[in-house]
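J.: Pulled these from TrEMBL:
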- ASP118: active site, charge relay system (ACT_SITE)
- HIS189: active site, charge relay system (ACT_SITE)
- SER511: active site, charge relay system (ACT_SITE)
- 5-84: domain 'Inhibitor I9' (DOMAIN)
- 109-558: domain 'Peptidase S8/S53' (DOMAIN)
- 624-726: domain 'Subtilisin-like protease fibronectin type-III' (DOMAIN)
Amino acid sequence: MNISAMPKEFSTHHTWYQSTLSSSLEKLQLTTTTNNLNSPISSKLIYTYTHAMNGFSANLSPKEHESLKNSPGYISSILDLPLKVDTTHSPQFLSLNPNIGAWHDSDFGKDVIVGLIDTGVWPESKSFNDYGMTKIPSKWKGQCENSIHFNSSLCNKKLIGAKFFNKGLLAKYPNVTLGLNSTRDTEGHGTHTSSTSAGSRVDEASFFGYAAGTASGIASNSRVAMYKALWEGGLLSSDIIAAIDAAISDGVDVLSLSFGLDEVPLYEDPVAIATFAAMEKGVFVTTSAGNEGPTLKTLHNGTPWVITVAAGTMDRGFQGMLTLGNGNKIIGISLYIGTFSTHNVPIVFMGLCDNVKELEKVKRKIVVCEEKNETSIFDQVDYLDAANVFGAVLISNSSETYYTQNSFATIIVDPINGEIVKAYIKSYYNSKHSTSIASMSFMKTSFGVKPAPSVDSYSSRGPSFSCPFVLKPDITAPGTSILAAWPTNVQVLELKSHKFFSEFNIISGTSMACPHVAGVAALIKGVHRDWSPAVIRSAIMTTSDILDNTKEPIKDIGKGNKAATPFAMGAGHVNPNKALDPGLVYDVGVQDYVNLLCALKYSQRNITTITRSSSNDCSKPSLDLNYPSFIAFFKGGNSSSSTVQEFHRTVTNVGEGQTIYVARITPIKGLHVSVIPNTLVFNEKNEKLSYKLRIEVAGMTKLKKVAFGYLTWMDVKHVVRSPIVVTTLKLKS
């Protein structure tokens, strides 16, 4: 509707739209013999819009629709067609909506520049088309460099930067295999991560029929700059630092780093060193936690001035269906890309499936295998492949689709469904007149899987080696079975020497979770240009979700689906819309980080390595960083006396005007946790107030290895939540 045509007597758009619809239907009634106004206007009017568009939706017959077209102010109308689900699905899973919240308010991260240090980029991918994008922001100082098979003209208003760094690698390994001395991606990882964070919308994307729909990066209006420093021959600190240096100089707003080093101090970690400078320049840096879970203390990128991202699942599943001869239909996990057109195939149970010679005798049958400790699903797939079986059903608790991408039709079913399959086969055993039979079908994508999200087992756990006094990881984001762009000449699968290629690929890892948070940071940056990296990190952490889609605590797959601790999931699962308006934030200045480095007993030289300043003030060393989380280390065993740890925090009110926050603490068994004061009264925006958190262990209390709870500050609008971890884990010597 043309809003300028609205008569002055209408006080709201809604009343005008309602009147317009009523008038058009009444006119139709006068010109026809039948009564078209069988239902009231209120039931025909579905929505009125004042932000996404000026207009409304209504349930109308073709004649009613035609009558409406003659109304004053009418401009146009479209049929209410069903939309395809986002392929990456993570934007929808994160509740991103074009009409409200982070996508709407930031215009999809418009003009924010996301830099990625990765394996390069495939510029021809549709995920990097610049249709409808405005001119490149004037702050951008970077460029697209010409390189082998990568002409600078391949860049555009979406892909605005492309550089590669391998001088360090070539110096150390002169005969190294690079793949291609170019910013072009020859591995796929960089194309996948960059399109996840800021890829343009692409219709009709899928992976051989799985996850069909529209693909979109988290911040689809943001710009992409690729810095290639990861090579087939390896990656070196010198190249990583050079790439980050260039990104800072070029003017990126957000930097996504899906790699890290294990068990090195901050002053030897190139990511920690180079990102300190990025933080000083206002660049928000997101890093991956690593894929060494579920064991504790496996996390890298424990750097206090970046955000460290764990990986979780989504409510989308890729499935196959096993139909038994008795009509029972068993749903399992599968990403099998072949066809299985044969019906009523004999099905046999082979137990551990660890004998290739026995498996070879099965010939054209569906083989059922059961995973036990002696034989893993990984080994079973190898044996089945060597025996050239026709099809397989793997009974396992594994949720990894990797095991189903085989040359033979494969479905993973859980042990409960596995018992149903085994019982069916057993019922026909030794029968002379009939045989157990089954059929298999694939290419099924389901949504609404519960529970979700869960922290996946591969995601690395804290506490960090480099700085255990800052709780890591910080946040969880979608990382399992993520579909994103892929180079068209890099194979996604090789089955029996046959190579498969695709414009999109589905892969998993904290590498996939990391760019999701980079995209979320771009959305926040698009709304709050003046927020520091620490404030953005705080907003993401304190507004995260700790409940899954069953309204229960988020689970940890790697720990038998028990409630995930902050060592697995950080503060919670990222919630972009809430992060736009966090209420209170925990800001951290450069000197605060220096105080922490001093308290770590780093030498002035080590501190200078990180800060690039030769005069670092160590007069107030403190391990108590103004962070949106808490971690307390206590000695294990019983003690006759009580032990206390105190934390001091300062919060800034970024909400509007006067407000009162009240503290609430989740009880932690065996501990007395208190906050002083428990009420914060703010008189204006940007006002800062401080509080103290006190954790006391009573005498003779035996602590668990990891116990946790939450401190939550609430006013009438905001919930500001911080995780509290109490642990008896020993620190490194």
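Including glycine, each Cβ sits where the backbone N, Cα and C put it.
Worth saying up front: this structure is predicted, and the values here are computed from it rather than measured.
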J.: Take the domain 'Subtilisin-like protease fibronectin type-III' (624-726) and count its residues per DSSP category (helix H/G/I, strand E/B, coil), listing them in that order.
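T.: Looking at the domain 'Subtilisin-like protease fibronectin type-III' (624-726) with DSSP, the answer is 0 helix, 59 strand, 44 coil.
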J.: Over the domain 'Subtilisin-like protease fibronectin type-III' (624-726), what is the model's mean pLDDT?
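T.: PLDDT averaged over the stretch: 92.
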J.: Please report the Cα separation of ASP118 (active site, charge relay system) and HIS189 (active site, charge relay system) in Å, rounded to an integer.
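T.: That comes out at 7 Å between the alpha carbons.
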J.: Can you give me the same-chain residues 6 or more apart in sequence from HIS189 (active site, charge relay system) with a CB-CB distance under 8 Å?
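T.: When sequence neighbours closer than 6 are ignored, HIS189 (active site, charge relay system) has ASP118, THR119, LEU230, SER258, SER511 within Cβ distance under 8 Å.
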J.: Counting every protein chain present, what is the number of Cβ atoms, excluding its own, within 10 Å of the Cβ of ASP118 (active site, charge relay system)?
T.: 28
